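Input: a single structure, listed below in structure tokens.
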């Protein structure tokens, strides 16, 4: 008779322990219920990028002196700089400048080491296309400034999500 009583007591203790574990899990679930969602509805909502975000490169043709520092510091020798030496003034004249964003790793070395600051990083990150050849930007495409998501009234911007207090 005693083994049956002890088994019944063990069964009761296990039931109480299981109920406690289920209750703890349920309390964790309830604590997450009052938080705001982490995900955003992407095409209609966009996060504002940080100041140091490395997006598409903007190029100012008039400032470039064709020194090719950007090509030398690029880990994959990506920027294509075509220039011609003007013999009468003994200066380089820039003919063409292009970057293929299908290959670019967005390291920012070209922007950092440019002596004339003709390169800068923008907040644009939507570079997807159906044809990879469209990602090869020449100096005209690189010179276009991206449309700011702050100016687009169809997109709801999310600046900072409220932080969770622990």
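Counting begins at 1 with the first residue displayed.
Even glycines carry a Cβ here, placed using N, Cα and C.
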Which candidate from 74, 118 does Swiss-Prot annotate alongside 104, 107, 110 at the [4Fe-4S] cluster 2 binding site? 74
Contact set, same chain, for the domain '4Fe-4S ferredoxin-type 2' (95-124): CB under 8 Å, 6 or more residues outside the stretch: 48-49, 53-65, 67, 69-70, 73-76, 78-84, 132, 135-139, 142, 145-146, 148-149
Specify the count of other C-beta atoms within 10 Å of the C-beta of residue 64 ([4Fe-4S] cluster 1 binding site). 20
When distances run from the Cα of residue 70 ([4Fe-4S] cluster 1 binding site) to each of the binding-site residues 104, 107, 110, the nearest one: 110
Based on DSSP, tally up the residues of the domain '4Fe-4S ferredoxin-type 1' (55-84) by helix, strand and coil. 5 helix, 8 strand, 17 coil
Mind tallying the domain '4Fe-4S ferredoxin-type 2' (95-124) by DSSP state, helix then strand then coil? 5 helix, 9 strand, 16 coil
When you measure from the Cβ of residue 67 ([4Fe-4S] cluster 1 binding site), which residues in the chain that are at least 6 apart have a Cβ under 8 Å away? 92, 115, 116
